[in-house]
């Protein structure tokens, strides 16, 4: 085959190969997948782009943070900025009578408008940020008046939320635990009710710069129905507001969260009132014990006195050192007085018994010295009572005075008899008996115990009636 023919065939092959490749590339461009068509979009139905969804736009550029000075409040040198507040109480953690304070965890929310933060948006109603943006913009400087300790929760991050709306309205929420002072009145403790207050106020801005108010009135405060305390019953939550004046800085708007607590009495009935009442009743047992059983009555009286002292000390240890008398102090100290009087009652009984025994010994000695006739014709000693004021032991001691001349008396006389003739002076016997009857209660120590058995319980029951009617 000639050479020019080969050349023509090779050229023809190259032309065919080029046409095939051009045809394949054209077919590939004309055949596009539905996913790619959806991605490319139709220019007739394409939506307007939302600036809040653009990943390339920074927050500082969108909110124009760098274009404004956020160290100044909104509408600086203009009218006061209205800042609405609402609070949701999460828990009431503790009430301390010793420190006179309470601890509360709550969600504190602020509402205001800052036109400097307005941004264009067609679909998104708001943008939500965490606590990192708070440091770059202006926020109200609300603080807790009379707070002792407070902190913002930071697990797992700072519990702060900032929500900015397109028109410039801002919601600023944070979760706080605060311990604040509560002025308590313990004059009726433990039958008392306490009203504590949490106060909110702007630290720097007076009422001419910032107007702090409850956003929805009484509905601005919401609580969890499951909130409960071991010693108190939560009766009522309510809100108030008024102006507070400082002589050096001026007038400020102040918001109040008030709540009333009523103390549960059952715990104190079991731990304080019942033991004190039982100790008083136990002290009355000594009135039924023989007056000569000195160890028994003394130990019983001392035990009840020390127990009452321990109860009083334990109650005061859990209370602040107030300078006025509490209701529980009245009950405990009156009970202590009753216990102490029962000890004094036995001291009086023992003293009178000792005095009477001394007089009896002197009487017997005087009988012995005057050699008074004493005729005893008894085969064995019998007891006798002299005017009802002497015991059997005293009578036996007098019956021991015998003379040898009585042994010569007629043995045939078997009747048991005993004659005791006491002639101390010329005073008539009738006058002596009248004097003894006049002082029967004083000399008869049994009578003192008898009257105490009625007077002490009656007086204590009367005290309890007056006490519970006055404080309940």
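Cβ atoms here come from the backbone N, Cα and C positions, even for glycine.
Listed ranges 214-234, 235-255, 298-318; the one TrEMBL annotates as transmembrane segment is 298-318. Checked against TrEMBL, the range among 155-176, 177-198, 265-286 recorded as transmembrane segment is 265-286.
Cross-referencing 28-51, 52-75 with TrEMBL places the feature region 'Disordered' at 28-51.
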